[in-house]
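Chemist: What TrEMBL shows for this protein is this:
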BINDING   His70, Asp81, His181  Zn(2+) 1 binding site
BINDING   Asp81, Glu116, His362  Zn(2+) 2 binding site
BINDING   Arg206, Asn264, Arg277  allantoate binding site
Amino acid sequence: MLEELARTGRDPATNGYLRDAWSPPELELREWFAGEAARRGLDLREDRNGNLWAWWGDPAREPGVVTGSHLDSVRQGGAYDGPLGVVSAFAALDVLKNRDFRPNRPLGVACFTDEEGARFGVPCVGSRLLTGMLTPERALTLKDDEGDTLADVLTKAGRDPRGLGRDDETLAQVATFVELHVEQGKGLVRLDRPVGVAQAIWPHGRWRFDFHGRADHAGTTRLPDRDDPMLPFARLVLAARDAASRRDIVATIGKVRVSPNNANAVPGLVSAWLDARGPDETDVRALVEELRPLAAGAVSEESWTPVVDFDHGLRERLAAVVGGDKPAPILPTGAGHDAGILAAAGVPSAMLFVRNPTGVSHSPEEHAEQADCQAGVVALASVLEELCR
Ligand code: GLV
Ligand code: MN
Ligand code: MN
Ligand code: MN
């Protein structure tokens, strides 16, 4: 299945993936999801927020155990972040069917929409809308780089944007959620284990810093006469690195918009997105406050995700099921996931990580060996079996 997906949305120049939410490649992946559901005789549903659910059994009668992930990618992303969890979910169901296992409760495969937030800037849009962590009012007005709003994009994709919003009915169908994910670090490599269980997700957020200046001619404007927003922006980049390193947390400026973006003009506006994360919310918040004055107060919080400490009982239980006589390692992560959003909303949730030999993610270098992917599927199948007994 991963090989089949590998063709969709790949940029041949870099081998990275471009799978923005609701873009043609992502729509193609959603079709693929529907096909895999149909092939297995699962009932397919798209909820009001564009998340996909494929059910074995009827969750309207009794809440079920759900596994899955997402199919969108960061720009120039890898092949595993997201798809590995969806593919492993279908493969784990196949393992259970081959074992003649009959689940005692409904079992579902989920694909959350716009997990990465590559297009509109806010991550986990599908699960945030579902749980009410993002309001439809705000979501609908989010704009992509072309200036199209999420409402425009949904309408173009044949969806009704008026349906967006907290969906208690769908949420009530999820008794437990388990997301399998490629590890985005080298924890499992260091421990020499193929599969691990998530302990916690660091609190994290995104902030947009707007630096206003005055666009002007690059040849005729004397330096003292310029109001160049690129200078305070450059100070921000260095200050963010310094502030993060003093607190032993991480801060990244990976997205910048320069306007009007002419080689021969002083810019009029520079917008920079700061992503900051760390084990302790206080440090992350303090970093943002330290940096805020650099943009003369023009700072907006684009998203915030509180710390997620996954259900202790569930993670221990999963570690025991996955590891056999030697419980699987339980690891923290700095990456955000839909499982974290569901956990924050009170749904008992857990994650499995599959070893990534490069440790690299959000990049074409991201990798998982075939044998480890198989170990992940077997682990996930055992977990589902345990939870559906
Ligand atoms: C998503 O993968 C994130 O952690 O930013
Ligand atoms: Mn990701
Ligand atoms: Mn992911
Ligand atoms: Mn993520």
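Cβ atoms are placed via backbone N, Cα and C, with glycine included.
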Chemist: Roughly how many angstrom lie between the C-alpha atoms of Glu116 (Zn(2+) 2 binding site) and His70 (Zn(2+) 1 binding site)?
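Modeler: Per the Cα atoms, Glu116 (Zn(2+) 2 binding site) and His70 (Zn(2+) 1 binding site) stand 9 Å apart.
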Chemist: Any of the binding-site residues Asp81, Glu116, His181, Asn264 with a C-beta atom under 6 A from ligand 2? Give them in order, or none.
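Modeler: Cβ < 6 Å from ligand 2, in sequence order: Asp81, Glu116.
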Chemist: His362 (Zn(2+) 2 binding site): which of the binding-site residues His70, Asp81, Arg206, Asn264, Arg277 is the nearest Cα neighbour?
Modeler: Asp81
Chemist: Check the binding-site residues Glu116, Arg206, Asn264, Arg277, His362 for any whose Cβ is under 6 angstroms from an atom of ligand 3, and report them in sequence order.
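Modeler: So the answer is none.
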Chemist: Using a 10 Å cut-off, grab the number of neighbouring Cβ atoms around the Cβ of His70 (Zn(2+) 1 binding site), all chains included.
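Modeler: Result for His70 (Zn(2+) 1 binding site): 30 other Cβ atoms within 10 Å.
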Chemist: Which one is it: of the binding-site residues His181, Arg206, which Cβ has the fewest other Cβ atoms within 10 Å in this structure?
Modeler: Arg206
Chemist: Round to a whole number and give the Cα-to-Cα distance in Å for the pair Arg277 (allantoate binding site) and Asp81 (Zn(2+) 1 binding site).
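Modeler: A Cα-Cα distance of 19 Å.
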Chemist: Allantoate site residues Arg206, Asn264, Arg277: biggest Cα-Cα distance, Å?
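Modeler: Taking every pair among Arg206, Asn264, Arg277, the longest Cα gap is 36 Å.
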Chemist: Find, among the binding-site residues listed as Arg277, His362, the one whose Cβ has the highest number of other Cβ atoms within 10 Å in the structure shown.
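Modeler: Checking each of Arg277, His362, the winner is Arg277.
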Chemist: Quick one: which residues besides His70, Asp81, His181 have a Cβ within 8 Å of the Zn(2+) 1 site's Cβ centroid, in sequence order?
Modeler: Ser69, Tyr80, Gly82, Pro83, Leu84, Gly85, Glu115, Glu179, Val182, His337
Chemist: Can you list the residues of the same chain, besides Asp81, Glu116, His362, whose Cβ falls within 8 Å of the Zn(2+) 2 site's Cβ centroid?
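Modeler: So the additional residues around the site are Ser73, Val74, Gly77, Gly78, Gly82, Glu115, Ala118, Ser361.
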Chemist: In Å, rounded, how far does the Cα of Asn264 (allantoate binding site) sit from the Cα of Asp81 (Zn(2+) 1 binding site)?
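Modeler: The separation of the Cα atoms works out to 39 Å.
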Chemist: Restricting to the chain of Asp81 (Zn(2+) 1 binding site) and a gap of 6 or more, list residues whose Cβ falls under 8 Å of its Cβ, or answer none.
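Modeler: Long-range Cβ contacts: Ser73, Val74, Glu116, His181, Val182, Gln184, Ser361, His362, Glu366.
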